[in-house]
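Structure record follows, encoded as structure tokens.
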Amino acid sequence: MIDSLDLVIDTIVAREVLDSRGNPTVEAEVLLEAGAIGRAIVPSGASTGAHEAHELRDGDSRYLGKGVTKAVNHIEDRIAPALCGISSLDQASVDGTMQELDGSDNKSSLGANAILAVSMATARAAANGLGLPLYRYLGGPMASLLPVPLMNVINGGAHAANNLDFQEFMLVPHGASSFRESLRMGAEVFHTLKGLLSAQGLSTAVGDEGGFAPNLANNDAAGDLLIQAIEKAGYSPGKDISLALDVASTEFYQDGCYAFGGGRYTSTEMVNELEKLVDRYPIISIEDGLAEDDWQGWALLTKKLGKRIQLIGDDIFVTSTKRLQQGIDQNVANSILIKVNQIGSLTETLQAIDLAGRSGYTSVISHRSGETEDTTIADLAVATRAGQIKTGSLSRSERVAKYNQLLRIEDELGSQAVYAGATGQGPRGRS
């Protein structure tokens, strides 16, 4: 029998490690009294919302200013003394203690990267101390829903050095009967797409998230290529595999207009452009179709398309219950993107997912463009029964690590495993 004292935090250490872009990030290890260890590494974004929690960087000559030794030192000098002696099972107390110690509204004192690393490592240590997988520890005995992956196979915008305005063009294999099958379907289309690009003399180099980053004539050309790849791989667009977009429109929002494709569009015109895309392609989900503070534009987008497709708020919500509640009150979007480092603690992440579910919004668990081998978000997707995950393409090990963890979870669950696409709990195709 496990003694509760065995699960008390004994030691916390931190170090500066590298993410998938070669930039420093924070790793934390939490050691419990009985010897269980939890380790976590935080990710970092490229296109970041203005309202995200503060990522603390050193700003000196090391790593061109991107070092994180300040955050590492905060963990070992300030956070560790405050948390040692607290039960790892009391996640809310652990996270609350760090927030109180920080004292700011956006975690700018200690750094959200410092707080989150310890928060996630604590949960991992508690799970290990109890002998449970992380998804079971966080989600309880009913955690058995495997998410539909939104696979970013063509990268643009801030994620690639090409001429595509929109940031992500994704495959959504909702027609699969299992997560394993969805992964196979996505991989087959991914490799078929590579062949199509090569045949046209286009680049098959990949961007930050493992998708291809070719120079194409326009955003429509990307959609056309994906339809061709889906069909050539033997699948039916809209039935087996649909499309999703991350427009990341904040990135090209200038002086009240959306500047892309050689034109400038008002919010109303931008909504009309997105509606045309939904009419033309089997798109079932659009993320950040409008900019992070264009609340009126978002309301119009939701009124026009909210009953037809999933409208995900990323930059506008930043995994914040306060901003999500504002969106709920104003009928903005119908889904929230969940990025643990946007809000900076596991407790607040779970609160955002809970609020979304109670309000009829879907949640999409997401990686960042600067990722690591950490697989926490895979377990989080299953634990929270979110039904959807965004973790990149079918290449680059930091992306595939999450897919492989979901395969392990599906195997471990056996007959209990349920694929969200097979039950209609993920995004679904349009007839």
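Quick reminder: no glycine exception, Cβ is built from N, Cα and C everywhere.
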Checklist entry - Same Mg(2+) site as ASP246, ASP314 according to Swiss-Prot: which of GLU273, GLU275, GLU287? => result GLU287
Item to check | Residue from LYS322, LYS390 that Swiss-Prot also lists as binding (2R)-2-phosphoglycerate with GLN167, LYS339, ARG368, SER369 | outcome: LYS390
Checklist entry - Pick from GLU209, ASP246, GLU287, ASP314: which of these recorded positions has the biggest number of other Cβ atoms within 10 Å of its Cβ? => result GLU209
Checklist entry - Secondary structure at LYS390 ((2R)-2-phosphoglycerate binding site) (DSSP, helix/strand/coil)? => result strand
Checklist entry - If the Mg(2+) site is taken as the center of the Cβ atoms of ASP246, GLU287, ASP314, which further residues of that chain fall within 8 Å of it by their Cβ? => result GLN167, GLU168, LEU245, VAL247, ALA248, ILE286, ASP288, ILE312, ASP315, LEU337
Checklist entry - Of the recorded positions GLU209, ASP246, GLU287, ASP314, LYS339, which sits closest to GLN167 ((2R)-2-phosphoglycerate binding site) by Cα distance? => result ASP246
Checklist entry - Given the binding-site residues GLN167, SER369, which one's Cβ is surrounded by the fewest other Cβ atoms within 10 Å? => result SER369
Next on the checklist: Just to verify a number: CA distance, LYS390 ((2R)-2-phosphoglycerate binding site) to GLU287 (Mg(2+) binding site), in angstrom, no decimals.
Outcome noted: 11
Checklist entry - If you measure from the C-alpha of LYS339 (active site, proton acceptor), which of the recorded positions GLU209, GLU287, SER369 fall inside 10 Å? => result none
